[in-house]
Amino acid sequence: MLGRGWHHCLGLCCLLCSVGAWTYHYSDKGDYMWEQARNYCQTFFTDMVAIQNQEEIQYLNRSLPYHKSYYWIGLRKLDGVWTWVGTRKALTKEAENWAQGEPNNRRSNQDCVEIYIRRPQQAGKWNDEPCTRRKKALCYLASCQPFSCSQRGECVETIGSYRCECYPGFHGPECEHVVQCAKLEPQGVSMYCSHPYGDFSYNSTCEFGCHEGFERRGAAVLRCLPSQEWSANTPTCTAITCPVLSAPAQGEMHCSHLHGEFTFGSTCAFSCQKGFALVGLQSRESTGSWTGNTPHCEGRVLSMGCSLEDPLDPVVSTV
């Protein structure tokens with residue numbers, strides 16, 4: 001909350017509002033040209049006041065004392081464009097608050113801006129003036145500090161305080177909380193994760209891999225998004241499929257399948273029918289591809305023995 005009056009004066013300046021809030025300050029005893037006024041504000045405070053809205057204008061007009069020369073603000077013409085010098089942002093049409101007939105750039109040298117405080121007519125309005133005129137320096141001291149908003153959001157000055165506009169993935173009054181995603185517990189998949197803001201929270205990334213003989217189906221990397229969702233579905237690992245084997249002609253094949261038919265880990269044994277011999281490997285194993293070549297069956301060559309009568313003596317016939 002802001003105080004309701006000028007609390008106290010410090011040396012050559014006066015200040016309004018409570019400690020720890022965005023405070024306005026002005027040069028109590030000195031009047032300065034615009035460049036001198038800005039140097040004064042930057043030396044002792046944050047910078048010259050940059051008007052944000054009508055509420056701030058009304059507050060300043062109500063709270064500051066009247067001064068016949070009025071007050072410089074942090075608006076100046078740079079390269080032909082009215083610019084807030086503290087942020088280097090151009091004045092938008094919607095934010096203009098010129099007095100009637102202003103800016104008129106009389107004598108073509110009115111590049112700085114004053115604010116009419118407690119003026120009988122058009123109080124709170126702006127007027128362009130030569131930068132060499134002497135006026136009160138109107139400054140502010142920011143309440144936003146380097147560690148405001150947990151360094152996870154933009155600190156926006158408001159009258160008497162500040163608010164945090166959190167970056168995606170963070171929330172809370174000081175952006176102190178981090179978005180959480182569901183814990184990942186994949187089955188049969190190797191996973192390595194990094195967690196910059198806590199386990200399975202915003203910007204956590206998890207990389208996935210498969211064991212030998214298996215291939216990944218799905219994304220290799222998942223990231224926890226500001227929406228509390230992962231960037232993709234959890235991947236799976238499936239056994240590498242090999243071509244289907246067939247029994248050789250005149251033979252048989254018997255297979256065992258560890259992870260599915262004709263996949264990594266499958267083993268097939270071969271044999272031949274009676275009368276045929278197996279030529280090649282007796283078994284083949286899938287290690288991501290089949291070992292060896294398919295065997296085949298060949299017919300056996302049978303040797304046959306014959307018994308012949310071979311008399312030792314010749315047969316002699318007699319008459």
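Counting begins at 1 with the first residue displayed.
Including glycine, each Cβ sits where the backbone N, Cα and C put it.
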Choosing among C181, C193, C255, C268, which residue does TrEMBL name as bonded to C224 by a disulfide? C181
Which candidate, C193, C237, C242, does TrEMBL give as the disulfide partner of C210? C237
Quick one: which of C166, C193 does TrEMBL link to C175 by a disulfide? C166
Taking only the CA atoms, the spacing between C237 (disulfide bond) and C224 (disulfide bond), expressed in whole angstrom, is 21
Model confidence for the domain 'EGF-like' (140-176), as mean pLDDT, reads 89
Work out how many Å separate C175 (disulfide bond) and C181 (disulfide bond) at their Cα atoms, rounded off. 17
Of all the disulfide-bonded residues given, C175, C210, C224, which has the fewest Cβ neighbours within 10 Å once its own Cβ is left out? C210
Same-chain residues at least 6 apart in sequence with Cβ under 8 Å of the Cβ of C166 (disulfide bond), in sequence order, are C149, R152, G153, G172, C175
Sorry to bug you, but what's the C-alpha spacing from C181 (disulfide bond) to C210 (disulfide bond), rounded to the closest Å? 23
